[in-house]
Amino acid sequence: MQKFVRPPLLVLMLAAAALPASAAPERIATLVAPFEIKGTDPTLSGDIFLKMSIVETLVNADSSGQPLPGLATNWSVSDNGRLWRFTLRPGVKFHDGSALSAESVVNALEVSRSKPGLLDKAPVTAIRAENGQVLITLSQPFTPLLSMLAENRAQILAPASYDNSHKVVQIIGSGPYRLTSLQAPQKLTVTRFHDYWGHAPAIEQASYMAVGRAETRALLAESGNADMVLNLDPASRSRLKNNRKIELMAVSIPRSVLLKVNAGHPLLNDARVRQALSMALDRQGIARAILRYPAAADQLFPPSVAQWHNPGLTPLVYQPQQAQALLEELGWKTGADGILQRNGQPFTLTLTTYPDRPELPLIAAAIQQQLRDVGIQLTINTTNSGEIAAKHHDGTLELALVARNFALTPDLLGTLLQDYAPQGGDWGAMNWSNATFNQTLADLVQGRNVAKSQTERQQLTRILQTELPAIPVAWYQQTAAVSKRLSGATLDPFERTFGLENMRWSE
Amino acid sequence: MIRILGYRLLQAGMVALLVGSLTFVLMRSLPGDIAWRIAAGRYGYDRVDASAASAVQQELGLDRPAWQALADWFIQLLHVNPGNSLVSGAPVMEEINHQLGQTLLLAAVALLLSLLLGPPLGILAGLAPGGKLDRLLLAISTSLRALPHFVLGLILVLIFALGLGWLPAAGYGEVQHVLLPALTLALGLAAVSSRVARNAMRQVTDSAWYQFGRTKGLTESQLFWQHGLRNVSVPLVTYLSVQFIYLIEGVIVVETLFAWPGIGHALVHAIFARDVPMIQGTALIMGLMFVLLNTLSDGLCYWLDPRRKNP
C-alpha cells in the first residue's frame, strides 16, 4: 500500500532537504558585537556609527587617550583658557557630496549640546563659525573639552542629516565608510566612501550585526560566519583558543568592577573600615574563577590607562587577617553567630547590584562569602541598574557593585569629574569629599599648571587609593575573535572604533 | 461560519483589552524607577545620570497617574496607533512592522518545513503501524519534543553550521539564514504532527468506510488520495491550531538564539528597557496573531470537513 504514497512524499522531503544554500557572499567583512542599534540619533546609537567608521569627530584619540587631529587639524586655546579655536581639515566631504564647513560643525555640535550627553555638561557658552574656523567659548577653563569632542555623541553629521526639529533622520557622516543600509535594531551595512579625505581603506564592504547572546556570537566566530566578534564570554574564549582559523585578541579597557561605598553610612564613614573591606577581598580568586583572566584590580585604573594608572601606589591586596585586626581595633568583636558586633549592633550591610553584566551577581556572591569570612554580613539585592543611582540620590544606598566605564571620554577626567566631584556621582563617590582631592581635580580640569598635570593625576589616584570612596575589584578586558582571513585588526581600549579602515583581507 | 468569525472578532477585542491592561499593570508594578530604566535603555546604563533620567521623565510625562497613561493608550489604540517607543522614539507600529514581517517569515517557513516533515512521515508510519519506521519515528519524535528550543537550536548549529558548514550559525538578510531557526521550530512541531498524522491514518485505514472502498474495487492509490488524505487532514489541521502556542512561544527563544530581529526578540528587549508601549504593542500583536491563526485553522477545518456543512 505504501508504494502509492511514497513517491510524492519523498519528493516533498527531498525538496525540504535540498533547501540548504551556499554560504554568505564572500568579501563582506562581518563584524559582530552585542551593541544594538537603537536608531539614528547619535545619543542613542552614535557609538556604532563611530565604531563602523561612518562618522567622524573634530578630535580623535590615540590608544592612550591622547587627543589626535580628526576633522580639526589643529586647535589653540586662549591664554585665559576660555576660547578654543579649531581649524578644520580642508577638502572633507560628507557622504552626500556636500563639503564640511565650520557652519555644519557648529550645527552638529549645537544639536549634540541640546541633548543629554557630555557636551551639555561642559561649561560651553557659545559655539560659532568664524573665517572657516570653529570657535568654542567657555565660561571657565575646561581641559576635558577636547576629550568630550572626541566622544561619539559629538559626531559631525552633514546638515541634511537633521530635520527641522533637529532630529537626526539619516546618518550622513564624513568617514571612510558610508552607510548603505540600516535595519535597526540589529544590522547595518557600509561601503567604502570613494571621496574620503584620508587613505582609502582596503576593505570595500562590511556589515555590523548586533547579537545579544554570547554563545551565538562565539558560534558565529567558530563557524566562520563572522570575521570579527567582540565581547566573548569566558567559556567561549577557552573553546575558541584552540581554533586555528581564529586569532583571539584582548585589551585591557578603562572599565573597572568596583564597590561603590556610601561613605556617610555609620558603618562605613571611617576610611579604615573601607580599607578593611578592601583587604577582605580575594580579587585574584574572583578574577580567575569568574572573569577567567588575570585582572584583579590593585588600584582603580588599569595599566592600559597610562596617564591615570599609578605604579607608585601601594597595591590593594588580600589580607583577611589584617582586615580582621583592623576591624577589631575599631571596636568590632566577633559575636556568637560569627558576625561582628559593636555596641550590640551587628555589621550587616546591603549590597545592590544589577544583572546587565551577568558576571556582577556572581562577583557579588563571591564578595558576600569573602566578607562573611571576616565577620561582615551582606545581603545582596540584584535589581535594575537605575536603582543604584536612585538610592544614591535618596541616601539609602549602602554598598553597590558596579562595572564603571571610565572612558566615556578618551581622557578619564570627564568621567572622574562626574563621579568624584565634591557632591559625589551616581556611579562614583557617595557622601565622600576630600578638600585636597577637590582642589587638585579643579586645577587639573582648568589646566592651571599643565607642567604639573601628571603629578596632579598621581595625587588624585593616591587619595582614591587611601580613602577608598570606591573599592576596586577587577579590571575589564575587551576580547575579540578575529578570523585569520582578516589582518590588521586591533582593539581600541577606548572602544571608539573597530578599526575597519585598517583591516585588509589576508588571502 | 459567520458565527465563528463574529466570535473570533470578539475574542480579538478581549485579547487587546486584556493584553494591554495586563502588560501595563505588570510593567508598572516592577521594582525600580521607570525613568531610570528607560534612560538606561536609550543611552546605556553607565551613561545615565539623574539629569538624563529626569529629562526622560519630563519628556514622556511618566509622572502622570498610571490610569491616565493606560487610558491614553486605549484611546490611541482605537485610532490603530499604539504610541511611540519610549526608547527609540519611533512609532511602535513602524518598529513592529519590520519585526513582525521577520517573525511571520520565520513562522511560515517553520510551518512549511514542519508540514513537509511531520505529516508525510506520520502517514507512512500509520500505513504500517508497528513497523520499523513507526517505531523509529516514535523514538525520534519523543526525543525532539522533549528537547527545549535552545538545546535543539544549538544542536542544529553544531551540525549544520560548525560541522558541515552548510548554513550560517545566526543572522538574517539572506535566504539561508532562515533555515536553521525555522528548522528548530519545525522539528518540534513535526515531532507532534507526525504522531497525530500517524494515529489519524491508522484510524482511517481501520474504518469500515475505507475497507468498503477497497471492497468496491478502488485501487489503493485512489483510496488514499480520494478518501484517506482528506480525512487525515481534519485532525491534523485541528491539532495545528494547538501547536501555534508552541510556535509563538518558541519564536521568542529561537529569535534570541539566532539573532533574528523578530517580534519575540523585540519583546524581550522592550521588557529589559521597560519600554511599555513596545511591550503592549508586541504582546498585543502576538495575541492577535494567535486569534488569527486559530480562525484560519477553524476556517480550514470547516472547508475540509463536509460533515459540518451538512449536519
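Using the three backbone atoms N, Cα and C, a Cβ is placed for every residue, glycine included.
So that you can see what the record holds, here are the features copied from TrEMBL:
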DOMAIN    B:100-297  domain 'ABC transmembrane type-1'
TRANSMEM  B:7-27  transmembrane segment
TRANSMEM  B:104-128  transmembrane segment
TRANSMEM  B:149-169  transmembrane segment
TRANSMEM  B:175-192  transmembrane segment
TRANSMEM  B:236-263  transmembrane segment
TRANSMEM  B:283-304  transmembrane segment
Among B:104-128, B:149-169, B:175-192, B:236-263, B:283-304, stretch most in contact with the transmembrane segment (B:7-27) (C-beta, under 8 angstroms): B:283-304
Annotated stretches the transmembrane segment (B:149-169) and the transmembrane segment (B:175-192) touching (3 or more Cβ pairs under 8 Å): yes
Contacting positions for the transmembrane segment (B:175-192) when only residues 6+ beyond its ends and CB under 8 Å are counted: 105-107, 109-114, 117-118, 121, 140-142, 144-145, 147, 149, 152-153, 156-157, 160-161, 167-169, 239, 243, 246-247, 250-251, 254-255, 257-258, 260
Cβ contacts under 8 Å made by the transmembrane segment (B:104-128) with residues that lie 6+ beyond its boundaries: 134, 137-138, 178-179, 181-187, 189-202, 204-205, 232, 236, 240, 247-248, 251, 254-255, 260, 262
